[in-house]
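Peer 1: First the structure, then my questions, so here it is.
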Amino acid sequence: MQTLFINIKELLQIRETGIDKISGSDMAILPKIENAYLVIENNIISDFGPMENCPKHSDVAIIDATGQVILPTWVDSHTHIVYAGNRIQEFVDRINGLSYEEIANRGGGILNSAKKLNETSEDEIYEQSKLRLEEVMQQGTGAVEIKSGYGLTVEGELKMLRVIKRLKENYPIAIKATFLGAHAFPMEYKENHAAYIDLIINEMLPKIASENLADYIDAFLETGYFSVEETIKIMEAGRKCGLEPKIHVNQFTAIDGIKACVENGALSVDHLEIVTDEDIEVLKNSKTMPVALPSCSYFISIPYTPARKMMNAGLPLALATDYNPGTTPSGNMNFVVATACIKMKMTPEEAINAATINGAYAMGISKTHGSITKGKKANLIITKPIMSYYQLPYAFGTNLIDKVMIEGQFI
Ligand SMILES: N=CN[C@@H](CCC(=O)O)C(=O)O
Ligand SMILES: [Zn+2]
């Protein structure tokens with residue numbers, strides 16, 4: 001079955017096969033065709049070009065996209081959408097003057113979510129999480145990475161990863177699972193970090209590997225959470241089980257964590273609200289994708305990742321939501337793209353590259369996702385009639401999406 005889109009006002013992010021990420025000054029370029037056609041065959045992009053070359057098809061479903069922009073769906077390479085309940089009280093506590101750190105030190109924060117998760121059944125967590133997944137798909141996300149990390153017990157972490165597995169089985173969207181047992185030290189291990197790290201390495205990881213529940217391994221490398229040395233142990237143990245690292249680092253402090261991640265072959269380093277010149281140097285010429293999470297900066301009022309400085313140094317950059325109950329209760333990639341433009345001074349071209357092809361790289365799927373390329377998945381955002389794609393970040397609170405196609409199907 002073929003679908004032919006005709007008269008597309010702008011077809012964005014068209015790329016040759018084999019381009020897996022965009023770096024430095026190239027991020028300012030977003031290749032497009034004006035007045036374009038696009039052919040979808042089954043669930044794959046099979047052809048596209050300017051309207052004057054549009055082939056005469058018979059027996060195809062024709063969709064007239066006059067005035068509409070088509071671009072690849074967003075790739076959200078960093079989320080925690082599997083969780084139980086919410087942290088609304090902490091939100092109000094922060095408005096009233098408490099900091100994220102003060103809330104965490106009182107047993108709130110990640111430990112608050114871990115308590116709720118361990119008290120909630122797997123079925124109930126699945127029901128809550130699938131609503132979030134359905135919501136972000138409607139908002140144009142066509143691939144999503146989901147982390148564990150609110151279990152912090154063998155059973156809790158397995159429960160989260162099994163929920164992610166069920167989501168993978170039941171939804172058409174590409175999902176990658178990341179094991180984040182090293183998200184925080186449970187209260188009973190506060191004075192005995194080594195014992196919790198043993199639990200992660202000797203109890204959690206073997207079970208996760210034997211049930212094939214994760215694609216990546218993560219840790220919260222941060223002052224007061226996991227040290228550089230502790231994170232290296234976790235990364236090494238994960239790699240032995242075939243899990244590549246994707247690490248939370250430099251959210252609040254810079255403690256040479258990025259260097260350790262790059263040396264351990266991390267696929268991505270995520271957060272990066274605080275970045276030193278040395279961090280930028282070690283990222284140069286590495287295979288590690290830096291990932292910025294502007295909705296988190298917005299929600300908890302911390303600095304934004306210095307995108308301009310990093311791109312000027314020739315680095316690539318990806319954008320993701322960080323959807324989680326504590327620091328970012330939003331999975332809206334449209335807001336992320338707009339906030340990157342408004343607050344991080346990324347151009348619309350840079351932000352769209354960061355939220356599509358570079359996001360795909362950061363979750364290991366750039367062969368199949370992240371651009372309009374022949375042979376890639378037919379994952380499309382079809383906008384309402386708009387002036388140009390600049391309107392997407394400009395009209396930051398308006399839903400400009402008409403339809404979303406995932407794997408060849410409108411959702
Ligand atoms: N920083 C670490 N983890 C999450 C937030 C965790 C939480 O507060 O629940 C993040 O990416 O922001
Ligand atoms: Zn996160």
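For all residues, glycine too, the Cβ spot is worked out from N, Cα and C.
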Peer 1: From D322, D402, grab the residue that TrEMBL records in the same Fe(3+) site as H78, H80, H248.
Peer 2: D322
Peer 1: Can you tell which of Q2, Q13, Q251, Q409 TrEMBL lists as binding 4-imidazolone-5-propanoate with R87, Y150, H183, T327?
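Peer 2: As annotated by TrEMBL, R87, Y150, H183, T327 share the 4-imidazolone-5-propanoate site with Q251, chosen from Q2, Q13, Q251, Q409.
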Peer 1: At the Cα level, what's the spacing in Å between H78 (Zn(2+) binding site) and R87 (4-imidazolone-5-propanoate binding site), rounded?
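Peer 2: H78 (Zn(2+) binding site) and R87 (4-imidazolone-5-propanoate binding site) have their Cα atoms 19 Å apart.
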Peer 1: Filtering Y150, H183, Q251, D322 (binding-site residues) by proximity to ligand 2: which pass a Cβ cutoff of under 6 Å to any of its atoms?
Peer 2: D322
Peer 1: Near ligand 1, meaning Cβ under 6 Å from any of its atoms: which of the binding-site residues H78, Y150, Q251, G326 fit that description?
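Peer 2: Cβ < 6 Å from ligand 1, in sequence order: Q251, G326.
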Peer 1: Reduce the DSSP letter at H78 (Zn(2+) binding site) to three states and note it down.
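Peer 2: SS state of H78 (Zn(2+) binding site) = coil.
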